[in-house]
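Taken verbatim from TrEMBL:
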- Glu274: active site, proton donor/acceptor (ACT_SITE)
- Pro80, Thr81, Tyr82, Asp111, Arg154, Arg159, Asp187, Asp188, Asp189, His301, Thr302, Arg303: UDP-alpha-D-glucuronate binding site (BINDING)
- Asp189: Mn(2+) binding site (BINDING)
- Asn293: N-linked glycosylation site (CARBOHYD)
- Glu220: site 'Interaction with galactose moiety of substrate glycoprotein' (SITE)
Amino acid sequence: MFIIFYYTYIEIGKHLYFSALGTNHRCFQGDSLWGQHCDCAEHDLPKDRAISRLQEELYRLQEKKQPPKSSLSTIFVITPTYARLVQKAELTRLSQTFLHVPQLHWILVEDSPRKTPLVSNFLMKSGLTYTHLNVPTAKERKLQEGDPSWLKPRGVEQRNEGLRWLREDRKTEPGDNGQQGVVYFADDDNTYSLQLFEEMRSTQRVSVWPVGLVGGMKFESPVVEGGKVVRFHTGWRPSRPFPMDMAGFAVSLRLVLANPDACFDGEAPMGFLESSLLKGLVTADELEPKADNCTKVLVWHTRTEKPKMKREEALQVQGLGSDPAVEV
């Protein structure tokens, strides 16, 4: 009769953790499986605690292999935001994505005449490096109730305020390091893969990639041939200078600083807002395709459904509405 044992092991430093299927792990010390039994107390721990200890040690060793954060280019993310029922939910989801991105500086710009307590308190508890700004949208540029979202460009003043702050702030940074970085415009209702941020980190001028679920299509994208962008896959006015979504490009901070007049034009025709900035920074031939030559979708133009508040409104009429002191 033959008995077959299945073994698993994890090697960390000079410790080899060795277990047979269905048995508690054992720890050996030395360079081989048959090394001397270790006198550590790990093998006396319950299995779940022992596994947790091993995972913690493995993560610690993996982190040592990562480049120091200071050696990474900073990604400056400019996000316009405005007060609505889903604002905190959107910002929570977005911030918890950003927490996984090293060397990220979030520039959150409120469409408001003043900084609101909700956003101020949220940012203080976020754990992120951030700058909190505010500027209201001009009344004539605001969408009215019932207007379609495409009628007027949104977030123009807020994105331009983020660019203004960057140009002012980076002036005070000594040496060449003050100009290292990447600028990205991330709306608070989109969905972002972590891989996207690592793709954009090496941007030299303007980098580009596909955006999913946008423009009435599965995705819009630059089309790349021989490493160059030659045209754009889009369903609406492909003749635009840069027929791309706001989420589909990032700009070198150095390029932003070298072109102080480059900004978004609030009077741009529908669909030309992105082009109004990019045409002052780069030509189509200079675009840098990312995401495996623009064949992978790493960002999605998602939108949260506007909550229906009919029952809430009915209860408020009866004086039984939700407690206004509870922040949602």
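Each Cβ is built from the backbone N, Cα and C atoms, and glycine gets one as well.
A straight line from the CA of Asp189 (UDP-alpha-D-glucuronate binding site) to the CA of Glu220 (site 'Interaction with galactose moiety of substrate glycoprotein') spans 18 Å. Within 10 Å of its Cβ, the residue among the recorded positions Pro80, Arg154, Asp187, Asp189, Glu274 with the fewest other Cβ atoms is Asp189. Looking only at Cα atoms, Asp187 (UDP-alpha-D-glucuronate binding site) sits nearest to Glu274 among the recorded positions Glu220, Glu274, Asn293. Around the Cβ of Tyr82 (UDP-alpha-D-glucuronate binding site), 17 further Cβ atoms fall within 10 Å across all displayed protein chains. Here the candidates are the recorded positions Pro80, Tyr82, Arg154, Glu274, Thr302. The one whose C-alpha lies nearest to that of Asn293 (N-linked glycosylation site) is Glu274. Just so you know, the Cβ of Thr302 (UDP-alpha-D-glucuronate binding site) picks up 14 other Cβ atoms within 10 Å once every protein chain is counted.
For Glu220 (site 'Interaction with galactose moiety of substrate glycoprotein'), the same-chain residues lying six or more positions away in sequence with a CB closer than 8 A to its CB are Pro210, Val211, Val214, Phe232, His233, Thr234, Gly235, Pro243, Met244, Asp245, Gly248.
The Cβ of the residue listed as 'N-linked glycosylation site' has 16 other Cβ atoms within 10 Å, all protein chains considered.
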